Structures are given as structure tokens and as C-alpha cells.
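Novice: Take a look at what TrEMBL says about it:
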{"type": "TRANSMEM", "residues": "A:7-25", "note": "transmembrane segment"}
{"type": "TRANSMEM", "residues": "A:31-50", "note": "transmembrane segment"}
{"type": "TRANSMEM", "residues": "A:62-81", "note": "transmembrane segment"}
{"type": "TRANSMEM", "residues": "A:87-106", "note": "transmembrane segment"}
{"type": "TRANSMEM", "residues": "A:113-132", "note": "transmembrane segment"}
{"type": "TRANSMEM", "residues": "A:158-177", "note": "transmembrane segment"}
{"type": "TRANSMEM", "residues": "A:207-224", "note": "transmembrane segment"}
{"type": "TRANSMEM", "residues": "A:257-273", "note": "transmembrane segment"}
{"type": "TRANSMEM", "residues": "A:279-303", "note": "transmembrane segment"}
{"type": "DOMAIN", "residues": "A:343-590", "note": "domain 'ABC transporter'"}
Amino acid sequence: MIKAKWWIYQIGIPLVLLYAFPWFFNNAHTIHVAQTFLITYIVIVGLNLLVGLSNQLSLGHVGFYAIGAYSSAILTMTVGLNFFVSILISGLIAAVFGAIVALLSLRAKGPYLAMVTIAFGELISIIANRWVNVTGGPAGIKTSVPSLFGFELGQIQYMWFIGLLAIIFTAGATNIFRGRFGRTFTAFGNSEVASEVLGINVRNWKILAFSVSAFLAGVGGGLFAFQNQFISSTTFELNLSIMFLIAVIIGGSGTKIGPIIGTAVIIGLPQFLHNFVDYHLMIFGGILLIALILLPDGIVGAFTKLSYFKKFSSKKVNTDLGILHDDRKATIDLPDGINGKLLELKNISMHFGGLKAIDDVEIEVLGGTVHGIIGPNGSGKSTTVNVLSGVYMPTGGNLLWKGKDITKYAPHGIAQEGITRTFQNLQLFEDMSVLQNVMVGFHRHFKTGFLKNLLYLGQVSKEERYYAQKAYDLLRIVGLEERAHEKASDLPYGEQRLVEIARGLALKPDLLILDEPAAGASPKEIEKIMDVIQRLKNAGLSIILVEHHMDIVMNVCDYITVLDFGKKICEGTPETIQNDPRVIEAYLGGEEVNQLVAGTRSIG
Amino acid sequence: MLQVQDLSVSYGQASALHRVSLEVNEGEIVAVIGPNGAGKTTLLKAITGLLKAKEGTILYKGNEILGTPAHKILGYGLSHVPQGRQVFGDQSVEDNLILGAFTIKKEKQKIQELIEREYERFPRLKERRSQHAGTLSGGEQQMLAVSRALMSDPDLVILDEPSMGLSPIFVKQIFDTLIELKKSGKTVMVVEQLAMAALAISDRAYVLQVGEVKLHGESRELLRDNSLVKTYLGSK
């Protein structure tokens with residue numbers, strides 16, 4: 001039934017509307033506007049994937065658009081390819097450029113990324129302007145009348161053709177949105193470091209997001225090249241990039257129907273405002289400003305809040321995913337336990353310039369144990385966790401995992417090996433539900449590829465249902481099944497920590513590193529968290545626990561390492577640690593100071 | 001002089017202080033100690049108005065100051081030496097002191113007197129009066145931070161981990177200063193990581209743990225009490 005509904009809404013109705021359009025609005029101007037709408041819409045669908053899902057701001061989409069337009073013009077006119085083939089090829093060319101831009105801007109985020117993309121867009125537009133031999137510059141070049149199988153497409157047929165592509169791309173984009181690819185895009189857009197420690201190679205995924213987005217922009221550009229059988233460099237300027245972005249934001253970035261609304265605004269509005277043509281950018285600037293203030297989630301976002309709010313906040317089990325709420329006791333699915341040395345830190349040092357955050361530290365973690373790492377402020381606990389999870393590469397020493405050297409592994413590599421972690425400063429994927437957060441944790445277990453997801457084959461939906469059920473079971477283990485469909489960031493702090501634990505468990509880790517799991521939680525929540533850790537321990541999971549809350553540490557840990565000023569000062573069982581004078585000194589103050597100050601007192 | 005009752009503070013969803021009550025009487029040195037993450041700094045920030053408390057009352061000289069903005073609280077005779085010193089690094093030592101007298105900025109004569117008093121307290125600062133504060137050593141910066149706080153001539157001085165990152169000699173000097181302040185009639189509240197040292201110089205102390213007061217009493221009693229170590233290192 002869901003399938004039938006999907007075909008009606010995604011394909012049937014749009015097809016009918018598209019086919020019927022010329023009967024209602026049969027004049028050349030309206031058809032031309034409709035073509036422009038559809039072409040722009042295709043670009044916006046791509047930009048929405050990038051900006052809305054992956055949070056990668058691009059102000060250079062005009063570059064991909066121009067590359068698409070010029071390559072398809074050149075491929076048809078000079079090489080003599082069919083226009084449709086040339087459009088697809090130019091989409092691929094734009095995708096390659098997308099990958100290049102992504103690689104160049106890997107470390108840039110937010111405004112800096114926007115700057116890189118602006119530079120790219122400007123570069124392409126300057127080339128279009130100056131490389132007159134090829135592009136014709138401002139005077140432009142002619143393209144052919146589009147034809148398919150020997151039939152020339154008239155204005156109306158060309159509109160139908162573009163519309164058909166738009167419907168296909170929308171269906172593809174929707175499939176991407178609802179499957180694991182959309183989830184992964186959103187995940188690294190929300191938190192790169194959390195995605196990495198769950199085994200997502202963020203670099204590759206960013207390249208993919210940029211490529212897909214650039215592909216659609218390239219195809220849009222290609223379609224544009226044949227709309228008027230003429231293109232000139234004056235079209236491809238920065239303000240077009242800005243308009244694209246405005247459409248995404250006004251429509252509601254990251255929503256499925258946002259692009260339709262957004263495109264309608266930027267294409268439709270100028271039709272009513274031709275008298276103010278000189279003020280277009282100003283008017284759009286104003287609209288953007290108002291939209292950002294009044295409707296931060298865009299038009300679609302605002303409406304979902306109104307009408308769907310209740311539907312989303314209701315706590316019913318999502319039947320779409322076929323989740324079973326049975327009475328079986330949920331079991332923790334863990335890899336086989338390992339006895340003996342699991343992880344070894346050999347003379348690990350992490351120096352930041354002159355600061356020795358950790359210095360020559362040796363720790364051995366045995367399989368099946370809970371190993372505590374404690375120490376006063378600034379003792380190097382967080383640095384140790386960051387080294388263990390690959391967030392930092394140590395400046396000295398080796399990290400051995402089951403005897404294998406993993407010192408130089410990136411976080412996603414370490415996650416692939418079966419080590420994951422939670423974060424002291426929570427790193428949940430805020431735009432997702434609790435269930436989706438946990439589903440991202442299954443990343444390394446998903447098998448289906450991009451094409452299968454694009455088509456959303458039966459295999460894909462089966463896989464989705466399978467892992468949704470597993471994620472739900474994990475939520476039952478941490479006692480959060482009731483919250484499965486709530487937005488993760490709406491949960492109380494302590495429960496958010498439990499979501500992170502469940503998400504980490506989804507990886508099916510051999511070793512789970514808990515970085516201050518009780519920080520900021522209320523006493524009641526702390527009890528819950530402690531109970532969960534205890535149960536994981538009983539299930540045989542190896543855990544590294546960094547925590548200030550000593551009652552938890554002393555009751556749960558089998559073995560404890562104490563750090564102070566980046567050095568290991570002692571290790572042993574909880575009893576040993578509690579009675580070790582070095583530990584007491586580290587926590588309560590050194591002997592030297594005490595004597596000095598005590599001396600003061602007797603004088604005073 | 002200062003009465004805190006059932007104070008609860010949270011950062012967004014994270015709770016930092018849970019129904020904390022304590023009092024500071026006139027002429028006392030009161031220490032607040034506890035492991036890191038206990039909420040000590042949060043407590044001070046809530047008292048001095050830098051953080052908004054969720055619930056509870058804070059009475060200073062009998063007046064409710066909860067919700068009063070930080071810059072006004074200073075005018076009531078309560079001064080805060082923040083953690084990590086926070087001196088104005090690009091300004092001279094003397095300018096830092098003058099800025100400390102912001103609430104009495106119109107009385108030039110008095111400001112001069114106060115500056116002289118601080119130079120007497122810490123002769124080192126006088127030597128370095130025209131030097132940029134950022135170029136001072138950690139210990140000297142801490143002296144400056146204390147002096148700057150005293151420039152508003154407060155009745156109650158609140159210090160947040162004055163020993164942080166200092167060598168034992170400087171720690172001693174700062175702690176000596178606290179005792180002198182008490183002798184000159186000021187009231188002192190100090191948050192410390194160096195629990196033993198703080199207990200040695202204070203009259204009474206509160207032990208915070210995970211946002212709650214776990215122990216409190218006379219400092220000399222607490223020094224002998226076994227449960228202090230337990231609070232820090234947990235019990236099993």
C-alpha cells in the first residue's frame with residue numbers, strides 16, 4: 001500500500017500535472033517560465049541535498065551550472081553528440097568538478113567553505129567570460145534545437161522532457177533522503193567527529209555529496225543550454241548562486257518539498273515584479289532576511305511545525321519501518337569476547353607545542369574488563385580518549401589493537417576495527433530522531449550501495465527495516481524505546497548520553513570508550529546510566545570508562561589507571577587506588593603546598 | 001553576610017548544581033572544595049550573577065541578589081576573582097587596577113589611595129606597574145587579579161581557584177593574602193582544588209560533589225575527617 005501511494009504521489013500526479021500544463025497555460029511565455037522553473041528546480045534539488053542534508057554551504061553552484069551548460073553545448077556543436085547524451089556527460093563532468101571542490105575544501109567549514117565555493121564559482125564565470133574562443137564570452141554561442149531519436153523537440157515537448165527528468169531526479173532524491181545515504185549525509189553534516197567514530201569516512205562522503213549535487217547542477221546547466229539555443233557568459237554570475245541558495249533556504253533546507261516551494265518563489269516572484277527588475281536582488285535579500293528571522297526552517301519547515309507537529313511528537317511505534325514492539329527481552333548483540341590483551345598503549349605521548357598533554361603513558365586494557373581512567377582536571381584523560389579513538393594522532397609511542405599497530409589510523413579506521421566512543425560534550429545528530437541516531441551506528445554493517453539506494457530496491461527497504469528493528473532493540477536495552485521518534489536534541493541530558501551509548505553499541509564494538517557518561521546528568525539519570533554500564537559489563541563488553549563520578553568508577557571498574565599532569569601515577573584495583581597516597585595527593589593537593597600553607601596558619 | 005539557599009543551576013539540559021545551600025558569615029574565610037566537575041565554578045558564577053540560576057535564593061546582606069546583573073552586584077560590595085585570572089593582557093598593570101575601580105570611577109583621589117594600598121600588598125606589582133599585564137608570570141597575574149578585585153573595596157571577596165597553575169611559593173603568597181584580608185575585616189570565600197591547603201587556611205568549608213553539598217563544617221574538623229577522602233575517591 002505504501003508502495004502504491006509512493007507511485008501516485010511521486011510519479012503519477014506530477015506526470016499528470018506536467019502533461020496537462022500546456023492545455024491550461026498555452027502561451028510561449030508561460031511555457032518558457034515553466035521550463036526555467038523545472039531547470040532551476042533540478043539544480044535546487046541537488047543543492048538541497050548538499051546544504052540541507054550535509055550542511056555544506058555552497059555559493060558556487062553557478063560554476064557547476066556553467067560547466068554543465070558549456071560542456072553540453074560544446075559536446076553537441078563541436079563533437080556532434082546527441083543533446084541528451086551530452087547533457088548526461090556534462091552532468092558527470094560537473095560531478096568531477098564537484099569532487100575537486102570538495103577535496104579542496106575538506107577542512108573548510110561554514111563561512112570558509114562558502115568562501116571557497118564563491119571563489120570556484122567566480123573562477124568559472126571569469127573563464128566563461130574571457131575564454132572567448134570556446135565560450136563565446138558575453139556575446140555567447142549558439143546551440144542546436146534539442147532532438148531525440150530524430151524528432152526535434154518543440155517548446156512544449158522540451159518542457160515535458162525537462163519535467164520528466166525533474167520527476168525522475170526527485171524520485172531519486174527522495175529515495176536518497178529516506179535511506180541510509182540521506183542519514184549518513186545528515187549525520188556528518190551534524191557532527192563530523194561522531195560520524196567518524198562510527199566508521200564513516202567523512203572525506204569520501206563529502207566528496208559524494210558534492211558530486212551528486214554538482215551532477216544535478218550540471219544537468220540543469222545542460223538543459224538550460226538548449227532552452228534558448230543560446231548561452232552567454234552573462235548568465236553565470238554570482239547572483240545566480242545566491243538565488244539558488246535563497247531558494248533552498250526559503251523553501252526549507254533539508255525538507256523534501258522545500259525545493260518546489262523555494263524554486264516557485266525565486267522564479268515566480270520576478271514574474272509579478274517585472275517593473276522592479278533592477279531591485280530583484282534587493283527584494284530577494286529582504287525576503288531572505290525576513291524568512292531567516294520569521295521562518296528559520298523555511299516555508300516547509302514552518303508548516304510542518306503547524307500541522308504535523310502532533311503527529312511527530314506522538315510516541316507511537318513507527319509501523320512504516322515495521323518495528324516490532326514485542327515482549328521478548330532485548331539482548332545485546334556483541335562480538336565474541338577476547339581474553340588477554342585487547343588494547344595496549346605503548347609509551348604514548350601527545351604534545352601540543354611545549355605542552356605535554358600526555359607523556360609516555362603505558363596502559364594495557366584486557367578483554368572483557370571495565371578499565372577506568374581517572375585523574376584531576378588537566379591530567380590528560382580527554383587527550384587519552386582522543387588518541388585512542390584516532391581523533392588525535394599521538395606524537396610518540398604506539399597503539400596496539402589485538403597486537404596490530406593502529407597508531408596512524410583515522411577515527412573511521414579505528415571504528416572499523418571495532419572501537420567506538422561516546423563524547424563528554426555530546427555529539428548527537430541533532431536533526432535526527434533518536435532511532436535514526438542509533439541507525440547511523442550500524443553504518444559499517446550496511447551493505448547496499450548508492451545505485452540500489454537511488455532506486456530504493458526491495459533489498460534496501462528490507463535492510464532498513466532490519467536495522468530499524470535492531471536500533472529499536474538497542475533503545476530498549478538503554479530504556480529509551482518510548483523516545484525513539486523524538487528529536488534527539490529534545491531529550492534531557494542524561495538520556496542523550498544513553499542515546500550515544502546505544503549508538504555506539506550499534507557498531508557492535510569490541511571496545512566501547514565512555515567519555516564521562518555521567519557528566520551533567522541528574523542523580524536519577526546517573527543511576528540509569530550506571531545500570532546500563534553494569535549490564536554491558538555483565539554481557540562481557542570491554543569498556544574504557546573515563547569518569548569523575550567516583551562512586552560509578554569504584555563500583556564498576558575492574559582496573560583503574562590514574563593520570564596526573566599527563567603522566568600515569570599509578571594503577572590497580574579500585575581498593576588499591578582508593579588507598580594510594582599518590583592518588584590522594586593528586587586529588588587533594590600536594591604535600592609541599594600543604595606544609596607551606598599549614599606553616600602560614602601557625603604563624604597567623 | 002551571604003546566604004545561598006536551594007540553588008539549582010543547569011546548562012541547557014545538563015544540571016550543574018542541585019539544591020545547594022551554604023552561608024558565609026562576616027569576617028570568615030569559607031572554602032568550597034570538591035573534585036573537578038563538582039560545580040564549584042558554577043556556584044561562584046551564579047552568586048556573582050554571571051550565570052542565571054534556575055531556582056533558589058541568594059541573599060547578600062539580607063537582600064535578594066539572584067537575577068541581579070553581574071555589574072550591579074559588584075556595586076553592592078561583592079567582588080569576584082575569576083578562574084584563570086583573566087587580566088586585561090594588553091593593558092598595563094596600573095590600568096588593570098584602575099579598571100578594577102570601575103564602580104568608583106569618579107573619585108580620583110580614592111582610586112590613587114587604593115592603588116597605593118595594592119602596591120603595598122604586592123610590591124611586585126609596583127615594580128611592574130607600566131608593564132603589559134599579559135607579560136607577567138602566572139603568579140604575578142594572579143596577584144594582579146586579586147588586587148584588581150580589591151580595587152572596588154569590597155566587603156566580600158570571592159576567589160575561584162587562585163592556586164591554579166601556580167608554584168607552591170606563589171600559592172603560599174596568595175593564601176597569606178587571604179589571611180591578611182580576613183585580619184583587615186574582609187570576608188573571603190574561596191573555591192579550591194587544593195583541598196588540604198584550603199582547609200588549612202579557612203574557618204569553615206563546604207565539600208561539593210556532582211552539584212551537591214556532600215559535607216560541610218569547621219575546616220579543622222574536616223581535615224581530620226576520613227570521609228573527605230571518600231568524597232573525592234568514592235566509596236565501595
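Placed from the backbone N, Cα and C atoms, the Cβ positions cover glycine too.
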Novice: Between the transmembrane segment (A:257-273) and the stretches A:7-25, A:31-50, A:87-106, A:207-224, work out which stretch tops the count of Cβ pairs under 8 Å.
Specialist: A:31-50
Novice: For the domain 'ABC transporter' (A:343-590), report the average pLDDT of the model, please.
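Specialist: Within the domain 'ABC transporter' (A:343-590), the model's average pLDDT equals 91.
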Novice: Are there residues at least 6 beyond the ends of the transmembrane segment (A:62-81) whose Cβ is under 8 Å from a Cβ of it, and what are they?
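Specialist: That would be 43, 87, 89-91, 93-94, 97-98, 101, 117, 120-121, 123-125, 128, 134-135, 141-144, 213-214, 217-222, 224-226, 231, 233, 235-238, 240-241, 244.
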Novice: With a Cβ cut-off under 8 Å, give me the same-chain residues at least six positions beyond the ends of the transmembrane segment (A:113-132) that come close to it.
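Specialist: Sequence-remote neighbours of the transmembrane segment (A:113-132) are 56-63, 66-67, 70, 101, 104-105, 138-139, 233, 236-238, 241.
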Novice: Considering pairs 6 or more residues apart, do the transmembrane segment (A:87-106) and the transmembrane segment (A:279-303) have at least three CB pairs under 8 Å?
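Specialist: Checked: the transmembrane segment (A:87-106) vs the transmembrane segment (A:279-303), no contact.
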